[in-house]
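Reviewing the structure listed below.
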Amino acid sequence: MKLTAVLIVCSSLMFGSLGKPQFPEHEKDPKFWNMWAQRTLKNALSLQSLNTNKAMNLILFLGDGMGIPTVTAARILKGQLNGQSGEETQLEMDKFPFVSLAKTYNTNAQVPDSAGTATAYLCGVKANEGTVGVSAAAVRTQCNTTQGNEVTSILKWAKEAGKSVGIVTTTRVNHATPSASYAHSVDRDWYSDNEMPAEALRDGCKDIARQLFENIPNIDVIMGGGRKYMFPKNKSDVEYPNDLKHSGTRKDGRNLVEEWTDRMKDKKGYYVWNKKQLLSLNPNNVNYLLGLFEPADLQYDLERNTETDPSLTEMVEMAIKILRKNPRGFYLLVEGGRIDHGHHEGKAKQALHETVEMDRAIGRADLLTSVHDTMTVVTADHSHVFNFGGYTGRGNTIFGLAPMLSDIDQKPFTSIIYGNGPGYKLINGARENVSTVDYQDNNYQAQAAVPLSMETHGGEDVAVFAKGPLAHLLHGVNEQNYIPHVMAYAACIGQNREHCVSRSGAADLRPVLSSIAALLTVTRILC
Ligand SMILES: *[C@@H]1O[C@H](CO)[C@@H](O)[C@H](O)[C@H]1NC(C)=O
Ligand SMILES: *[C@@H]1O[C@H](CO)[C@@H](O)[C@H](O)[C@H]1NC(C)=O
Ligand SMILES: *[C@@H]1O[C@H](CO)[C@@H](O)[C@H](O)[C@H]1NC(C)=O
Ligand SMILES: [Zn+2]
C-alpha cells in the first residue's frame with residue numbers, strides 16, 4: 001500500500017500527531033488483559049449454578065433492524081459519547097450472561113420483514129412477510145385467509161395467566177412489531193380502516209388500531225405514537241392542529257381514545273399525549289395507561305423535543321412502575337422501533353443513537369427489576385445491509401473516515417457503508433468526495449453500493465441476549481420463533497406448563513409427601 005494513501009484524521013482525539021492510533025498505556029501490559037479475562041472467567045464459572053427460578057416477570061426488548069454490526073457500532077458510539085475510545089465499552093445488553101443467535105427468515109422470504117418476524121418472536125410461529133398474528137396459511141392482503149389462521153401471542157398468554165401486560169414503542173403502537181402481540185391482520189399496513197381496501201372491510205377484516213382495543217381486553221400499558229389512527233377522519237390533531245396531514249384518519253368516525261377513556265373512567269385509567277402529562281402521573285395511582293405522543297411515529301431521539309416528548313427510557317420506567325404492582329407479575333414488550341427507520345434512510349447516525357437510547361432503557365429496566373424473578377431478553381427482528389470497516393484505528397470516531405484513500409479513485413471513504421440505499425450518489429458521473437461534505441451530520445446518508453430510495457433489511461442471524469430465570473435455555477443457533485416458547489416456559493404461561501407443578505410445587509409439597517410416607521410406614525408396621 002502506498003504511504004500517501006494514509007490519510008491523517010485530525011478530528012479524532014485518539015490519533016497522535018503521527019496519525020497512529022493511540023490507546024491506554026496499561027493495555028501494553030499483559031497483566032491487564034490476563035486479569036480482565038480471569039475476571040470474566042470467574043463470572044462464567046459462577047453461572048454454573050443456573051437460575052432455575054420461576055420468572056414472575058418477562059421483558060422483551062426488540063431493536064427493530066438491530067443487526068450485529070449495529071450493536072457493535074452502537075457500543076463504540078456509546079463509549080465515544082462518554083469520552084472513551086469506544087471499542088472496550090460494555091453496552092447494557094453486553095452484560096447479559098447468555099447469548100444465542102436467531103435465524104430470521106420468514107416462511108416465504110429469505111430476507112424477512114418486521115411483521116412476519118414479529119409473529120415468530122411474539123406468537124411462536126413463523127409466518128409470511130407482511131402479516132401479523134396469523135400463520136403462514138394466511139396470504140398477505142387477502143382478508144378471507146384470516147379466519148381460522150389466527151395465532152396468539154405471549155402477551156395474550158400472560159394476560160390470561162393474570163399478569164399485567166404492556167407495550168412500549170417508538171413507532172406507532174399499531175406498527176408491525178407491537179401489532180403482532182394483539183392483532184391478527186393479513187396486512188401490516190392496515191393501520192386504520194382508511195388504509196384498508198373496501199373489499200377487506202366488506203369481508204369483515206378489522207383495522208389494527210381497532211384490534212388494539214378490542215382483541216385483548218385492557219392491555220394495561222400502551223405507549224408510543226399513532227394518534228391519528230385513533231381519531232375520526234379530519235379531526236385535527238391536538239399537537240399540530242393546523243397540519244392536515246396529522247388529522248384523524250378513521251372513516252368509521254370512531255374516536256378510539258374517547259371510547260378507551262370512557263371505559264377506564266372508574267378504573268384508574270389515564271390517557272396522556274405529552275411528556276409533562278406522563279411524568280406528572282404517580283404510577284401507584286395508575287392502573288391503565290394509554291400514551292400516544294405523536295400522530296404517527298415518535299421523533300428520532302436525536303431530534304426529539306425533550307420538553308414535550310418522552311424518551312424511550314422515560315416511557316419504560318413509567319411502564320414498569322405501573323406493571324410491577326401486580327403480584328402475579330407482568331409481560332412487557334419494548335421496541336426500539338426507529339433503528340430500522342434510520343437505516344432505511346441511510347442515516348446511520350440516527351439509527352445508532354436510537355440503539356444507544358434503547359440500551360439506556362435496558363439499563364433502567366435492570367434497576368427496576370431483579371434477575372431473581374425477571375427474565376429479560378434483548379434481540380432484533382432482522383438486520384440491515386449496514387456495516388463499518390476500512391481498517392480504522394482504535395478510537396476512530398464511528399462516523400469517521402477510513403485511514404486511507406481508495407486506490408481506484410483516490411478519494412476518502414467513511415468507515416460506515418451501506419450495501420444499498422439512498423446514499424448512492426454520483427457527482428459528475430463519479431463517486432462523491434466525502435471530504436467535501438459533512439459526513440458527521442445527523443442526517444448524512446452514508447454511501448451505498450446500489451441506489452435505492454429505501455435501504456433494505458439484511459438476512460443474517462441476529463443476536464439474542466438473555467438474563468434471569470432459565471435464560472440459559474436461549475443458547476445455540478435457533479429459529480426465531482423459539483424465543484416466546486422459552487419465555488413462556490420460564491414464566492409458566494402458555495402451552496407448556498407441566499414442569500410448573502413439579503418445580504414450584506415440589507418445595508411446598510415435599511414435607512407433606514414425606515409425612516404421608518411416614519404415616520403409611522407407621523400404619524403398615526402397626527397393622
Ligand atoms: C378470497 O379473496 C380473493 C381476493 O382477495 C379472491 O380472489 C378469492 O377468490 C377469495 N376466496 C374465497 C374462497 O372466497
Ligand atoms: C375530510 O376532508 C376532505 C378534504 O377537505 C373532504 O374531502 C372529506 O370529505 C372529509 N371527510 C370527512 C369524513 O369529513
Ligand atoms: C477531496 O476533497 C478534499 C477536501 O476538499 C480535497 O483536499 C481532496 O483533494 C479531494 N480529493 C479528490 C480526489 O478530489
Ligand atoms: Zn424495516
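In case you wondered, yes, glycine gets a Cβ from its N, Cα and C as well.
TrEMBL: automatically predicted annotations, no manual curation.
Here TrEMBL flags S114 as active site, phosphoserine intermediate. Its Cβ placed at the centre, S114 (active site, phosphoserine intermediate) has 27 other Cβ atoms within 10 Å.
As annotated by TrEMBL, Mg(2+) binding site applies to D64, H175, T177, E335, H344. Around H344 (Mg(2+) binding site), the same-chain residues six or more apart in sequence whose CB sits under 8 Å from its CB are G65, H384, G421, M454, E455, T456, listed in sequence order.
Sequence annotations record features per position, and here TrEMBL assigns Zn(2+) binding site to D64, D340, D381, H382, H457. DSSP gives D340 (Zn(2+) binding site) a helix state.
Annotation comment: TrEMBL describes 1-19 as signal peptide.
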Candidates S114, T177, E335 (recorded positions) with Cα within 10 Å of H382 (Zn(2+) binding site): S114
Cα distance (Å, whole number) from S114 (active site, phosphoserine intermediate) to T177 (Mg(2+) binding site): 6
Nearest of the recorded positions (D64, S114, H175) to D340 (Zn(2+) binding site), judged by Cα-Cα distance: D64
D381 (Zn(2+) binding site) CB neighbourhood, other CB atoms within 10 A: 31
Rounded inter-Cα distance in Å - H457 (Zn(2+) binding site), E335 (Mg(2+) binding site): 17
CB-centroid shell, 8 A cutoff, Zn(2+) site D64, D340, D381, H382, H457, site residues removed: G65, M66, P112, D113, S114, T117, I339, A380, S383, H384
